[in-house]
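In TrEMBL this protein carries:
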| type | residues | note |
| --- | --- | --- |
| TRANSMEM | 16-36 | transmembrane segment |
| TRANSMEM | 48-67 | transmembrane segment |
| TRANSMEM | 79-99 | transmembrane segment |
| TRANSMEM | 111-130 | transmembrane segment |
| TRANSMEM | 136-160 | transmembrane segment |
| TRANSMEM | 172-191 | transmembrane segment |
| TRANSMEM | 197-216 | transmembrane segment |
């Protein structure tokens, strides 16, 4: 090793990064509120997709399980932030289902049940693994994959921004929260020597920087036809 950090200092840095990650994640969780205010006001989901919230819920549930003492050691911030995130995502999904048309309603209900079914399979399956280290690796790989998938979801928005040269559908605070949360948990994972945390959040940090760079480049064009910030995705 090129350098050594005292255990006490390492613990303080890790805990500080974990707390910061929880705070910034809260900002990320509340960012879709303007979208749902519009849905409730118009009594319709219009052309919005509920898929981002389904993916986010699955990710939060898997990462919550990964953060529990039954799977990993001393990852309480991961468990708390993702359990809170799961509550937000369930609220958004239920609201979406209430105001969706019949076809979307049935599709969302089916996907919601699938998410809970997958969680049961993952939890039950991982508990069958007697070796603690193997269980940690198994659930860790799943959480890492789900995090990377979640962070990759804004790629559609990034492509849209480049094509339209407008950031109308990429709210600043959503991009900023993504960057700050990813960076915080990147540091938390590094200080905790947990590759299942710092690898996907490292990817999230890079994507967050890209989104912010695009925002500042194209924001002037978007201000010409300013609208309520929305988060959209193609089904």
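Placement of Cβ uses the backbone N, Cα and C atoms for every residue, glycine included.
Just so you know, TrEMBL annotations never went through curation; they're auto-generated.
Relative to the transmembrane segment (16-36), the listed stretch 79-99 leads the set 48-67, 79-99, 111-130, 136-160, 197-216 in CB pairs under 8 A. If you look at the transmembrane segment (48-67), the same-chain residues 6 or more away from its ends with a CB under 8 A from one of its CBs are 32, 35, 39, 75-80, 82-83, 85-86, 89-90, 92-93, 96-97, 100, 104, 107-108, 111-112, 115, 118-119, 122-123, 126, 139-140, 142-143, 146-147, 149-150, 153, 196, 230-235. Tertiary proximity for the transmembrane segment (197-216) is limited to same-chain residues at least six positions away from its ends with a CB under 8 Å from its CB atoms, namely 75, 78, 144, 147-148, 151-152, 154-155, 157-158, 161-162, 167, 170, 172, 175-176, 178-183, 185-190.
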